[in-house]
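Colleague: A single structure is presented below for examination.
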Amino acid sequence: MPDFSMSNLAVAFSITLAAGLFTVLGSGLVMFSKTPNPRVLSFGLAFAGGAMVYVSLTEIFSKSSEAFAEIYDKDHAFAAATMAFLAGMGGIALIDRLVPNPHETLDAQDPSFQESKRRHIARVGMMAAFAITAHNFPEGLATFFATLENPAVGMPLALAIAIHNIPEGISIAAPVYFATRSRKKTVWACLLSGLAEPLGAALGYLVLQPFLSPAVFGSVFGVIAGVMVFLALDELLPAAKRYSDGHETVYGLTMGMAVIAVSLVLFHF
């Protein structure tokens, strides 16, 4: 496999960091503005989900199969990529089972939210931050390796994850801000959770770098594809549907796929 220059590593890490920092944007929406338009939020989440599914199944999975093809024949390479894909789905499903991700975004304008005791809400915020941080590690690893191998693949994936991180930031910020009334603490809580993505990227690269080979890259990309598809189906699309009863989810899903498809075609020219 090719040796990556410091500039390539810096670009991949910077993009991963930027995607993670979108979590902080969620805190701004809680502290400085009213609740976002549910229909717009539904469209945005579905857009990110469609983009994530499309790029995972068409580009990242293909990268896995291509890497395995350097050491196996075509059929066995596809089988190995499929096994890695299923392993990624199974692994993130296990993490989701052990550390459930809070899918319901807390709304600071909700009367029932206002009536809750601050100490209890503070615990909710800590649990949300912990759960989302645990889920951010594999997302950071996915963004980093996808961008490192091919920025044309990594950039759309990073955009999808960045959009996905905004409501996660809201999930952390709403209870923390209600409990503490401190903008500083709210921003820090979201920032620390978002930094889990570049941290996951750095740790993953340091662990895998001495062993980089076609088999390792094939496994990593297959696992990444499985993780991203699971996150889209388990988190983004259900959340999008919950925020709107109309067709925004379907429109967002198809638009996300279409935009990523066209962008990938343009990148290939």
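Backbone N, Cα and C atoms are what each Cβ position is placed from, and that goes for glycine too.
These figures come from a predicted structure and were not determined experimentally.
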Colleague: According to Swiss-Prot, Asn136, Glu139, Asn165, Glu168 bind Fe(2+); so which of Glu149, Glu197 is the extra one listed there?
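Modeller: Candidate in the recorded Fe(2+) site: Glu197.
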Colleague: Under 8 angstroms, Cβ to Cβ: which one of 12-32, 152-172, 187-207, 249-269 has the largest number of such pairs with the transmembrane segment (41-61)?
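Modeller: It is 249-269 that shares the most Cβ pairs under 8 Å with the transmembrane segment (41-61).
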Colleague: Within the chain of Glu197 (Fe(2+) binding site), which residues six or more apart in sequence place their C-beta under 8 angstroms from its C-beta?
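Modeller: Long-range Cβ contacts: Thr16, Leu17, Ala19, Gly20, Asn136, Phe137, Glu139, Gly140, Thr143, Ile161.
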Colleague: Counting every protein chain present, what is the number of Cβ atoms, excluding its own, within 10 Å of the Cβ of Glu168 (Fe(2+) binding site)?
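Modeller: Within a 10 Å radius of the Cβ of Glu168 (Fe(2+) binding site) lie 29 other Cβ atoms.
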Colleague: Validating a neighbour-count step here. Other CB atoms within 10 A of the CB of Glu139 (Fe(2+) binding site): how many?
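Modeller: Looking across every protein chain shown, the total is 30.
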